[in-house]
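One structure below.
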Amino acid sequence: MSNLPPDEKVILFDKSKHVQYIVEQESHRSFEYWLSEHLRMNGLYWGVTALITMNELSALAQQDVIDYIMLCWDDKTGAFGSFPKHDGHILSTLSALQVLKIYDQELTVLNDNNESSNGNKRERLIKFITGLQLPDGSFQGDKYGEVDTRFVYTAVSSLSLLNALTDSIADTASAFIMQCFNFDGGFGLIPGSESHAAQVFTCVGALAIMNKLDLLDVENKKVKLIDWLTERQVLPSGGFNGRPEKLPDVCYSWWVLSSLSILKRKNWVDLKILENFILTCQDLENGGFSDRPGNQTDVYHTCFAIAGLSLIDYKKYGFKEIDPVYCMPVEVTSKFVRRSA
């Protein structure tokens, strides 16, 4: 039974405002725009994902998006950077691949052999990603050596999109992930670090891609994990937090609910009050979503608010169904090969 008060005002979803907001963000040239160069490729993915989920992908010019992504190719590393002339990184590489997959399932733009004597871009991307895996199964984000479970998910997802995920990579990567499982039922960045909802998604999502979810069946790990996830719902607001004793944040509508969806336990939380919390985070005047009601909007929270609504009831909003493993529409991910021998 929902905890939504009977006199709660019904809040409508204003799609046109959010489409306008995203388009403006993707073409913005403010001071804040230049301060966030390091997130530009991620921001493009957030905007494109929100638009395609709302069935409004045509709001951005497809060729302009693809041209920008290819400007971010770093020929030195064989990967994508977050901005033209930035070094390649695993995070921006996944975002680039996700957007390219949305527009071109076959990734034909990566098959050009003319620009580099070192092979085509697809081959070089696979070499870059696989070269970041360490002996313990973890992945670095780039050559500078930072390691955490985000990069495991990012690498595994990228290789899946490239149809290059092998058993040898999956076996060691999944072993590292399970080392990051905590006594409280969550996952952390590295072994022994604090449990966090976003890290739970990266670990559960990676295990799903690698067909390794059965590793959670040992020693009641799945039961503990589901309990930890359901405890993230904060009353009376209905939103999720990322850790115990923290405020709810609309982005966890994705990180928590996607993990529960992968584990087939989405209905173990109150979806009605969660939906209401998400809708209260809208800026109904200018569009976009914020982390909490009344705060400043941004494209990151907008993307994951819309993705959360799709998980709750995509038909109600006229959205595309979203894949909880990849955070992309099912119509795109249904053709992915999650693991190859």
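Including glycine, each Cβ sits where the backbone N, Cα and C put it.
The geranylgeranyl diphosphate binding site feature in Swiss-Prot is assigned to 196-198, 243-255. Counting every protein chain shown, the Cβ of Trp254 (geranylgeranyl diphosphate binding site) has 28 other Cβ atoms within 10 Å.
There are 22 other CB atoms within 10 A of the CB of Asp249 (Zn(2+) binding site), with all protein chains counted. Per Swiss-Prot, Zn(2+) binding site is recorded for Asp249, Cys251, His301, and the stated evidence type is similarity to another entry.
The repeat 'PFTB 1' annotation in Swiss-Prot covers 15-55.
Mean pLDDT across the repeat 'PFTB 2' (62-104) comes to 96 in this model. Positions annotated as repeat 'PFTB 2' by Swiss-Prot: 62-104.
Taking DSSP states H, G and I as helix and E and B as strand, the repeat 'PFTB 3' (122-163) has 22 helix, 4 strand, 16 coil. Residues or ranges marked as repeat 'PFTB 3' by Swiss-Prot: 122-163.
Annotation source Swiss-Prot lists repeat 'PFTB 4' at 170-211. Residues 133, 135-139, 147-150, 152-157, 160, 221, 223-229, 232, 240-243, 251-252, 254-256, 258-259, 262-263, 324-326, 338-339 of the same chain lie 6 or more positions beyond the ends of the repeat 'PFTB 4' (170-211) yet place their CB under 8 Å from a CB of it.
The repeat 'PFTB 5' feature in Swiss-Prot is assigned to 223-264.
Summarising the annotation, Swiss-Prot assigns repeat 'PFTB 6' to 271-313.
Among the binding-site residues His196, Ala198, Pro244, the ones whose Cα sits within 10 Å of the Cα of Cys251 (Zn(2+) binding site) are Ala198, in sequence order. The distance from the Cα of His196 (geranylgeranyl diphosphate binding site) to the Cα of Asp249 (Zn(2+) binding site) comes to 13 Å.
Here the repeat 'PFTB 6' (271-313) is broken down by DSSP into helix, strand and coil counts: 25 helix, 5 strand, 13 coil.
Across the binding-site residues listed here (Ala198, Val250, Cys251), the residue whose Cβ sits among the most other Cβ atoms within 10 Å is Val250. Listed as Cβ neighbours of the repeat 'PFTB 6' (271-313) (distance under 8 Å, sequence separation of 6 or more from its ends, same chain) are residues 2-4, 8, 11-14, 17-22, 25-26, 42-43, 45-47, 49-50, 53-54, 233, 235-240, 247-251, 253-255, 257-258, 261, 319-322, 324, 327.
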